[in-house]
Amino acid sequence: MSIPSAEVAADFRDALQDLKQNSRPEINNLTIIAKENTEHAQAISHELESHIKATRPEFKLPALYVLDSIVKNVGTPYTVYLGRNLYRTFMDAYLVMNESTRKAMEGLLRTWKQPVPESMDPRPVFSPEVTGDIENALNKIRSVQVQSTPAHRPVHALPPRPAAIAAWRNTPTPPQNGARQSASQDPRIRAPYPPVQQFGLYPPSMPAPNPYGQPQSQNEPVSSVDLEDLKTEVAKSISDSQQAFAYNPADANLKQRLDALIALKTMLNTKALTPASLRDIQTQIRNLAPLPGPAPMPTFNPPTSIPPPNMHSQLHSAPPVFPPASAPPINIAQLLANMRPPMPPVTNPAAAPSTPNLADLLRRVSSPAQSSSTPAVASFYPPPFPVPPPISTPVQAPAVPAPAPAGTPTANLAQLLAQFSKPAAAPPAPVTQPVPPFPVSLPQLLSQPPVAGPVPGSAEWLLNALKVLPTNGTPSNTTPMASEPMTRQSSAPTSVLNEVELTTASMKKPRLHLISRLYEAYSNQCASCGRRFENTPQGKEKKARHMDWHFKVKDPQNLKRAIHRSWYISEKEWVEYRETDETSPDEPTNGSSGTATAVKKQAKDRYVPVPQDAAIAQAPCAICQERFETQWLVEANDFVWMDAIQVGGKIYHATCWEEYSKGAGIPMPSTPERGVLGKRKAEVSTPTSGKKPRAY
Amino acid sequence: MISLPGLNLGAQPAEPLNVPALSATRTQDLAANTEYRFEVSFSRTLTLKLLSGTAEFLGTELAPASSYTFQGTKGAVFTWHGCKLEISGEADSEYVAEETQMMGYANAHFALESLREKSAQNCELGPRVLIVGPENAGKTTLARTLTAYAVKTGRQPMVVNLDPRQGMLSVPGSFTAAAFSSIVDVEEGWGSSPISGPSPIPVKMPLVYHYGLKDPEEGKVFKPLVTRMALAVTSRLEEDKASKQAGFIIDSPGGISQGKAGVYENIEHIISEFSVNVLFVLGSERLYSDLSRKYANRPTDEAVHVVRLEKSGGCVDRTEEYMKALRHAQIRAYFFGHGENTLAPHSQAANYDDLTIFKISDSTDNSAFGPDDDNVYAPTTSLYERITPSSSIVNSLLAITSASANDRQDTIRDSSVRGYMYVADIDEGKKRVKLLSPQPGQVPTNALVMGTFPEDVAALVS
Ligand SMILES: Nc1ncnc2c1ncn2[C@@H]1O[C@H](COP(=O)(O)OP(=O)(O)OP(=O)(O)O)[C@@H](O)[C@H]1O
Ligand SMILES: [Mg+2]
Ligand SMILES: [Zn+2]
Ligand SMILES: [Zn+2]
């Protein structure tokens, strides 16, 4: 027995309480306490969380730097403990911060989505699920801010930082648990399952070079085009454009740009793109013309110029080891060995002389059957140097103008996106996609980032195919690999299950090889609730909506009002009800009720203008006795109460009234105003169901 | 929290929480294909966290690094791949079992999946499953596991609960049906029906009927309700493609598996009304042999696959005391929510005249008709008697049916339920009733039904 946790925690707390500014030595000291007391990690993490929560806003940021230093320099188990409540810890602090401190926090968050710099561990500091939730929340907050302060946005100042100090790095590189990286094992074999294996948790963090020496925004590796970051940028462009569009509703170009951006967003969510194309897209987004009207200029980072190492390179970005169908049997062990990512990653996509241009790429992902008759346009390389955004480029139809040193990339983007959004170009699922007819080498295909589902013929796909094959029970590392698994691609699963007869005797047979259908077949797991998704574009899309749902549920706004049990729906409603779970897309699931329900608005998206009469403006909801939330609504161009409804001269929460009226059998009065929130949600494709009984 | 005049409401459980102040946190390694079985009473909590590997609780996978807190639960965390768990709190009993029935349950799932694949191809109704077996044989556990696996596989199975002793997404005494398209809750039984705010686990949308008796054999309500529910479920599935392909799973009360001289009237009734084609028999050899004989020679289009599954060694007999605590917890959760997700019910007052209460007449006690009541229904049918509130109904549940007070008794019986109210107090002098309702609003004028089960819940409102 060493010192009790409480004592260590108290020491740590004392030291924390002295931390009143961004002081490197003090942060180091706290990090060392944490590092030397990992057995008390839980207590220390708890202290740190409570301190960040309780301390005055101006002391929160230094404390967050402590958190950052600990997770980067010590890593596990702190990443686990702190990751658990990171959403709360981060968001609670963020909400009370001023603008510049928020920026600094966003900088921290960005680094948490990356591996620890110079670390050999390719995993991000915190898992994407953890940072994704926060990222979602920030996006929403930003869009709300944009709405409530349409004419003004402060220029973000960088937070004050201590002068550069020597890199602090005294943690030896922890042994990497390679098991996590290794390919999944054959579930037929009982013995090989070690108690701890590929489903491990958060990465043990690697030592970090001092991230505090320089302003964060320049410190982050600008070369990396993170898919999530790009999505964030696109989302932001969308919201900025929407904003501008609200002020210039007649601007067709703006509308076109908006459509293009939304199409792009869908594509990012659903299509597998190479790092090179991601970078191209990013460059173009950043070079979009400034928006007209009172909408603020989006401030973007300078365009990237250094191609990223492939941050995603993992199991999926295997080197081309796939043999032709007629190849001789291959050794699975060898295959698995080959599938490990090269370490350190040496790929430099931009160095490849023939990086396909975006036009090609888009065509490739959107319609493989289409011939490449469209003349290839100029390549989409970023300009060799950052181009300052033009002051007032007039917007011309149909292209979205932008400074275009090499060709007219943005015009192409608009065209391409327009092309892409045509329903005719609806792409088949990549899993069933044949090898495209245009010149694309197998290595190229296989080096796609893991956003792609297993490419047919890829090592991962092969593994999956092998896994579901019937087995004689003997573990084998020399399973012959003929063309059979490939040709049976679609029929294989059925035939495997046909073998499971519905008889008492059949139930007793061990069929451990089938268990992969419950795990590996859905390899994309939500870290907050454990739900699994397929590692396909559709699965990703579902998961994205699912994460969005988690976000909404966690929204502190939701906790403000009393919640009660709803009435059960009637038999008729139930018979007609179609599940809309948190991953369902927006559209009504059955066509018949589509028009009726689409008009019907979500109660919480209803609003009334804040009453002029002071007495009424002070009155609470007559049902729950709680006050209304005032917020600025761009669309109404007024301060409004959201989730409010006026019935017979009284104002209620719309959701309160809905519950009440449902129980009492009173129809919901229809009001003319359109809910702007509902509209926005539809555009970013969050799961808003048009249906009244909502599966929240 | 809303102030409720006249009532001092609390969501506190009846038994005092008696959690040790700082219970030791320990880790437990589980080898592949083993399970950690535990029992934790209502006065304690046990918290589990998956540190590494994979693990599932009744088929629902645990999220990595998330804490799951159990109270009043008996169950097992199983691992297919091996795992490390962090355990804190005190279990009343706990051990690791090497021999489990999970492979059998998984095989059952895969066999059903095979049928679902075929139905999807032919646009037919998926497997219609009924689970039978003696009490505590693991029927509900199997139903949950099969549901969880189906959901995991992207299906949307319909689940029907015909066991009044333990509610599914509602209070005990009710029968429910619901499609599951999102994960099954780990901590809160089958999960939660919709609430007016967000829920950390997606809510399910149940269709609810009130049965109001303890055993399926008594009274004249079980069979008609089965018929009615089969109608509703079948109508839903006709149009609901996703649920149609997945089929449904019916959980049944142990009582119907006792039978009389090898005849299992209620099982046969369920099979014929729901067109059941897969019958899982848990445990009992006798039941299996009786039923497989009965359904042996049926034409192929009406074939019933009778399949026996072993009873898990983990199944524990639950005492009447435990079952009662479980029921009270379910009723409390209906009004006050579960765990951290507290709900705010409303207290209401009503005059005697505002309420139309029908009491299910106990078939064993037909003389109990209220003499002071001009009951027009009692002579023609003995289903219900209309009662005037009296102190004897304090602490009982009233089902708010969707029928009106003047509807025929069989209409009332067959009508689905909109919710439940709890009789908190009666002022016989003023002829006033204090009610606890899930939500604010007027006191419903619908026909209210009071059963003999579940028993009164005294500690709900203190
Ligand atoms: N493998 C297991 N390990 C530990 N506990 C288990 C296991 N399987 C079932 N149990 C527990 O045993 C009890 C009985 O199981 P279950 O409720 O599934 O039986 P049942 O047949 O539905 O009972 P009833 O007839 O009362 O409805 C439950 O508390 C359940 O959680
Ligand atoms: Mg049961
Ligand atoms: Zn989730
Ligand atoms: Zn209200």
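Including glycine, each Cβ sits where the backbone N, Cα and C put it.
TrEMBL names B:Glu35, B:Asn136, B:Ala137, B:Gly138, B:Lys139, B:Thr140, B:Thr141 for binding ATP. Of B:Lys74, B:Lys84, B:Lys118, B:Lys204, the residue it gives for the same site is B:Lys74. Taking the domain 'Clp1 P-loop' (B:133-336) as a whole, pLDDT averages 94 in the prediction. Around the Cβ of B:Ala137 (ATP binding site), the number of neighbouring Cβ atoms within 10 Å comes to 23.
In this structure, B:Lys74 (ATP binding site) is part of a beta strand by DSSP. Residues within less than 8 Å, Cβ to Cβ, of B:Gly138 (ATP binding site) and separated from it by at least 6 positions along the same chain comprise B:Gln101, B:Leu282, B:Gly283, B:Lys311, B:Ser312, B:Gly314, B:Cys315.
Neighbours of B:Glu35 (ATP binding site), defined as other CB atoms within 10 A of its CB across all chains, total 25.
In terms of DSSP secondary structure, the domain 'Clp1 C-terminal' (B:343-454) contains 15 helix, 45 strand, 52 coil. Ranking the binding-site residues B:Asn136, B:Thr140, B:Thr141 by other CB atoms within 10 A of the CB puts B:Asn136 at the bottom.
Of all the binding-site residues listed (B:Lys74, B:Lys139), B:Lys74 has the fewest other CB atoms within 10 A of its CB.
Residues listed for ATP, B:Glu35, B:Lys74, B:Asn136, B:Ala137, B:Gly138, B:Lys139, B:Thr140, B:Thr141, cover a largest CA to CA span of 18 Å.
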